[in-house]
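Scroll down for the structure; my scribbles are underneath it.
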Amino acid sequence: MSSPEYRRMKSEAFAKKSTLTALVTLVVSVLLPDCVLCLMSGHYSLYDDLCDSRPSIIPVPWDCTGYIRCDTSIGGRVRALWTLCDPGHEFNPQVSKCVAGFTGCLNPYEAAVTFCPEFAALTFLHPGSCSMFYNCSQISSRGPLRQYESECPYPQLFDADIWKCVPRSTDNGLADFCGQRSVPCNPCDYTVGCGASDRCVGLANGPQPDAKNVFAPDYIICQNSTVAKATSCQLSGQIFDPNSLQCVFGVRDESVTEYCAKKPYAVFADPYHCARYYNCSQVTWHTGLRAKQNECKYPLLFDVITAKCVSFHDVKCGTREEPIQPCDYILGHCLDRPECIPCQASCLGLPNGYNSYPGFVLTAYHIVCENGRTVDILNCTKGLVFDPQLRTCGSQISPQTLDLYCAQNPDGKLPHPSECSLLYDCTHLMVKPNFPKYVSECKYPYLVDADTAQCRPHDQVECRDRREPISPCDYLGNQCTSPQCTRCDLIMPSCYGKLNGFYSVINQEMTSSYMECRDQRVVSLSSCPGGLIFDMVDRKCVDTVSQVSMLQFCTNFLQGRVQSPGNCAQYYDCTQNLTTVKECNYPDLYHVETRQCKHYTEVDCGGRRVFLDPCDSYTFCPHGPCPYCPSAFPTCMGRNGAIGGFNFDPRLYYRCIDNRMILGQCQTVYNRDLKRCNESSVASTTAVALQSSTPKTSKFPLIISCYLCDYKMQHCPPDSIGKTCTPCHERFPTCAGRTDGPWPLPRRLSPLYIRYNRSLLLVIHQHSDSTPPALRALSIMQRKGDTSDGGECSYPNLFSNGLCLNFKDVSCVLVSIARDPAKFCGQYPGAVVADPLHCARYYNCSRTGPAHFGRPYLSECRYPALFNRQTMKCDSFITVQRTAGCGSSKQPIHQCEYSAYCPNTQYRTCSDCYLSLPTCRHLTDGIHTLPPGRLVSRGFVYCLDQRALVFSECPPGFLFVSNSKTCVLKGTLPLLEPPEVK
C-alpha cells in the first residue's frame, strides 16, 4: 500500500471522529492507562452489522468501558456509535447500563468464542501484539494461532482505524493505532513466520535466547544478525536465562517478570515440568505455582512448538519431567471438574482400558486407563457393579471374580449390586435351586445393609439403587424353579399395596388365619382364638359368618366353602344357599385346609366345638325339633367299646369309639344276640364275628317325620307356589299309602332312596360312595328282580322303584330318554343325562325353549369343550379325557363336528364348513401354517390335541414362515429350506 493512499484512508477514518472523540481518547488514556483494547467514541462502521433495523443498545463483549448505540437519525441508515461509560463504571449487558464494580467482562478470546459463530464478519483487536487481531471468519486454528486468531505477516502491523494490515514505515504513525499493544520488532517477535535464519535479526552478537523456546537449555550464538551456532547449556539442569544471557540453574522469578514486561502476552514452557508453562498475560496464579506459571489440565501436556496444552500422545517432553498420575499435577487434576481427581484413582501399573477404582473394588466406581494415565472416572448405571474380571458393568458379580475374591477372603461377604435381599457369602459353597455358588438371601422381610453386608430389618436398611423386594414372592427363594411348581403369588401371602393393619391370608380367606401388614410387608401370621374366624370384610375375628362377608367370599371363590365358627362339622357352601349352614355326615368333621368333610381323626378343629352324639348333629334335625332321633340312635357317651343294632334297618349295627357312634353294615342281617353278622338272610345261629378293628363306616341315614307336610309352617305362600317356593310334597316324601320298605324319592334322579318304618319315620339312605359317579345320578324305570331287605344296594347295583338292579341296566335310562325326552323329563324335571352317542352333548330336563339339534332338551357344549360325566357339566376336553372320558360315545375334534357350526346360516352344509375352517387332524401340538403343510402362508393356526384352538392372519404385508414360526415382512423372507423328512 503506497504512502499517499494510506494517508488518504487514515484521513477519512479520522474525519469520521469529532473533536470530542479526541478529547475522550485523551481522557481514556489518562484514566485507563492499562486499557489496551478500549474503543474511542464515534462511529464504527465495521460494527454496523451488530445493529438491527431498530434503535438499540449493544454491548461490546471485549470492552466493557462503554457500549454501542445503534443510531438511525441520519438518513434512516443504522450506524454503530460507541459511547463511553463514566470513569469508574463499566457496561453491564444484563441491565443494559453502566454500573460501578462490574467484573463480568469477557476476555477477548472468550468474546470471540461466544460471538463469532453468530457474527462471521466481525473483526477486533488482539491484546497480545500490534501484529495480531481476531477475525471471526477464521474458524480453524493455524499452528500456534488458536481459532479466530489472525496475524499480519512480518513486518506488517494491524491498523485499528482501517482494520487492515499495513506496512511498517516511518510515516505510519505507529503510536496512533498500536496504542498500548506491544510492537513486534523482528520476525521472531511474530507468532508465526520465524524461520531459522530470522532468529538473530535485530539482536546483538553473542549468546541469545531462541525466540521459540525461551528459558530452555538450548540457545543460539548470533553473529551479524545471523545464527552462527545453536548450542545448549553444558551442565545438566541448567537453562539459558534470556535476561542475563547466561546458563543458570532454575527459573528465576525476576527474570520471568522482566521478560514478561517486554513481551506481556508471551507463552513459554516450563523447562523442568512437561505439564507446566508460563503465561505473561496472567495476572493471578495458584498458590502452589510460581509467578505467571500455569498448568495444563490433566492429562494434557504442554507442547513447545504450538505453545498449547495438547494430548499427551502429541508431546515429546525431552528433558522435562513427564507427569503421569493425577497427583503428579498440582492444579491440572482439578481443572474443569466439580471435584479433583483423587490421588487414589491411579492407573499406575494397570492395563489400558477399564479397571476397578483402587480401594473401591466390586463397586460401581471404575477408571479408564491409557498408558498409565487415568483418562476418566466412571460410575456404572444404577444397580450395576464393575466386575474386574469381565472389566464391564453388570447386575451381578461373575463367578470367576467371586472365586478370586473368596480365595483371598474365605469369610468375606459382599452386598449384591442389584438385589437388596441378596448378598455374596464366601462360606456358602453349595449350589441350591435359585441360588448359585456364594449367593445367599435374607429371610423375609429382612434386607441387606450395603455397608455391613448383614441382614437387618427392612426399616433399618437403605436399598438406594438396589431393587427393594416387598412381597414374599419378590424374594428369590420363594420363586419357582420348575414348570411343576405352583406360582408363588397363588400361595404366598402379600401385603403389597395394602395399608397397615390386619388382612386375610391368600387361600385362607374366611378361616381363622390372618396376617398383619406394615409398610406393605407381612410382619406376622396369626390365628383367631377359640374357633373364631377372621372376617375378610370387617377384618377382625368374629364368631358368626355375615351374609355380606359370604357374598364377598363367594364372589371371589365360586366353589368356595367357609367353616362355621361354632361347630366343627358345619360349613357354608358357595354353590348353595349362602346363608344356610351345611353339615358333614356324622361323625365326619369339616377340614378347613382341604375344605372337605373328613374322618374326625384327620381334622384339627382348632377351638371349634365338636358334638360327639349323633343326635346333636344338624343332619338329623334340619327342619326343626327331632324327637325321633334318640329313640333311633342310642348315645355312645361313656360307652366306648359297646356294640348294638337298630330297629329301622336289620343290616346296620354300631360300635362306640371315642364316644362316637360308628356304623357298620352286614351283608345280610345283624344278629343282636350274638352281636355278629349272620351268614345268610335266614335267621340262623351261625354268625360271622365282627372285625376287631374299626369297621368300614356306613353313612348315617337321615331320619325325619312322615308328616312334615301336615304342618302349615312347611307350606308355600299362595302367591309363591311354583315361582319362588317348591311345594312341600315335592320337597319331602310322604308316608301316605306306602307300605314299610324301600321306595325311590319322588320326581327326581338322586343317589338317595327312602325306607318307610311303621308309618312314623322316613329313613333316607344314600348309595355307596364307591358307586361310579356317572351312575349314581340314574334310576331305573322298570321293576325287575327281587328287592333287598336292606336300605342300601350293594355295589355296583343301583336302587329304583324298590329294586336293586345291575348297573348295566342303566342303559334302560338312556333308551328311555332317547326314545321320548319329553316324557322322561316330565317325570324328572331336574335331570341332567349325558348323550350316549356324542361326548359334547347332554340332556338337560330343566332347559326351556325350542328344541335344539332336532331333539327336545338336548344341549351341546361349546367347541372344544366336552361333557364331563362326573361333574355333569361342560368342561375342558383335557379335563374330560383325564377323568371321566367319553367311553364309547363319539368324541368330536373338528369344529364342524359340533352342531353349532354346521349346518347353520354361515355354512349351509358341513362340507362347506370343513372347506372353510382349518383342521389340526394328525398335526402335532403347536403353531402351523394356515392351511397346514405349507412353508409360507398368509396366516397360522395353533393346534392342541388335534384341535384348532386359535387361527389368525398375519398383518398386511407380512407372511407366516413355518421354519421361524413368525410373521415376517414379505421383502425380508429368509431362504426357505424344505422340512426335514422323518
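Any Cβ shown, glycine's included, is placed from N, Cα and C.
Feature annotation from TrEMBL assigns domain 'Chitin-binding type-2' to 48-107 (among others). On the 0 to 100 pLDDT scale, the domain 'Chitin-binding type-2' (48-107) averages 82 in the predicted structure.
Among the features that TrEMBL reports, domain 'Chitin-binding type-2' is placed at 113-180 (among others).
Annotation source TrEMBL lists domain 'Chitin-binding type-2' at 257-319 (among others). According to DSSP, the secondary structure content of the domain 'Chitin-binding type-2' (257-319) in residues is 9 helix, 17 strand, 37 coil.
Residues or ranges marked as domain 'Chitin-binding type-2' in TrEMBL: 403-465 (among others).
Look at TrEMBL and you will find 492-541 (among others) tagged as domain 'Chitin-binding type-2'.
Across the domain 'Chitin-binding type-2' (551-607), the DSSP tally of helix, strand and coil residues reads 9 helix, 16 strand, 32 coil. Taken from TrEMBL, the feature domain 'Chitin-binding type-2' covers 551-607 (among others).
The annotation domain 'Chitin-binding type-2' is assigned in TrEMBL to 822-888 (among others).
Sorting each residue of the domain 'Chitin-binding type-2' (113-180) by its DSSP state yields 8 helix, 18 strand, 42 coil. Where the domain 'Chitin-binding type-2' (403-465) meets the stretches 48-107, 113-180, 492-541, 551-607, the count of C-beta pairs under 8 angstroms peaks at 492-541.
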